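Student: Got these off TrEMBL a minute ago, pasting:
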| type | residues | note |
| --- | --- | --- |
| DOMAIN | 3-98 | domain 'Pyrroline-5-carboxylate reductase catalytic N-terminal' |
| DOMAIN | 162-266 | domain 'Pyrroline-5-carboxylate reductase dimerisation' |
Amino acid sequence: MTKVAFIGAGNMNSAVILGLINAGFTPSDIMVTNPSPAKREALANAHGIRQSADNLEAAKFADVIVLGVKPHLITQVSQEIAQSVDVSKKCFISVAAGTTMAQIKQALNNLGSVIRVMPNTPSQLGLGVSGVYACENTSDEQKQIATKIMEAVGIVKWLDKEADIDNIIAVSGSGPAYFFLFMEAMETKAKALGFTDQEARALVQQTALGAAQMVVENDISIAQLRENVTSKGGTTQAALDTFRAGGLPELVDNAMDNAIARAKEMAKG
Ligand SMILES: NC(=O)c1ccc[n+]([C@@H]2O[C@H](COP(=O)([O-])OP(=O)(O)OC[C@H]3O[C@@H](n4cnc5c(N)ncnc54)[C@H](OP(=O)(O)O)[C@@H]3O)[C@@H](O)[C@H]2O)c1
């Protein structure tokens, strides 16, 4: 059985651990570390997994090590582990944006294998999207394990080149916030139209949920779904014409290009 260590008991690792437990992973095969005790003890108590303050203990225990610390700590933590633990057969999974494969491999003295994963926040609900890219010496077995781990919190898209990590950041990584901004603008207008705060939120969230579910359940293009609900000369067309006149499609294109550019800048440090 594969043993998995989660370095850091923060939001992302907690979501993945919950997903693995729900997927039937053996709790005693999982260990979580964190410098402060509260979060790792809470996870251990909730799921029956092992916990420690010591990253080296966890790295020795595991075959797969999920690095769930903030990006600026990824190489530091990797270096500390590689200095004291034989990592040559270990598989490291980094969920950090902005820390490249080359930086992590260097921190590990070019030993072991590294998989970069770009998850998104709906992973906390099991509705995530993870872009996954592996270095060339990753075995098929390690790739399968990484798939199984990330499928516990959503869907997995394997990527052929590392640059696609930046592209998937612009689509699914940052994507939830684009929808939040749109929903926020609709909520503000609904309130201005006289709906209470509670009503405005309920109207907007149910509309977004319904629209997303229609996309999920209908095997037709999103463009076709839009056309189906847009009567010629009707109210929806009046609103959509206004979005187009304001340049919404071009704005989305530019916004996503800027997310990619920022991901590249962050990788330079
Ligand atoms: N949250 C998301 O939706 C999301 C999406 C995509 C990617 N990511 C990536 O996932 C990573 C974690 O993000 P997060 O949101 O889960 O952050 P977070 O909630 O702040 O979790 C980070 C955890 O790491 C712990 N930590 C700090 N130093 C450590 C060390 N030396 N060894 C072990 N643990 C240490 C922190 O402990 P203390 O709190 O006690 O300091 C904290 O619990 C980041 O690289 C982020 O870019 C997150």
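The backbone N, Cα and C atoms fix where each Cβ goes, glycine too.
Let's see these features in context: how buried, what's close, how far.
Tutor: Within the model, the domain 'Pyrroline-5-carboxylate reductase catalytic N-terminal' (3-98) shows a mean pLDDT value of 96, rounded to a whole number.
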Student: With DSSP as the reference, give the number of residues of the domain 'Pyrroline-5-carboxylate reductase dimerisation' (162-266) in helix, strand and coil.
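Tutor: Split by secondary structure, the domain 'Pyrroline-5-carboxylate reductase dimerisation' (162-266) comes out as 87 helix, 0 strand, 18 coil.
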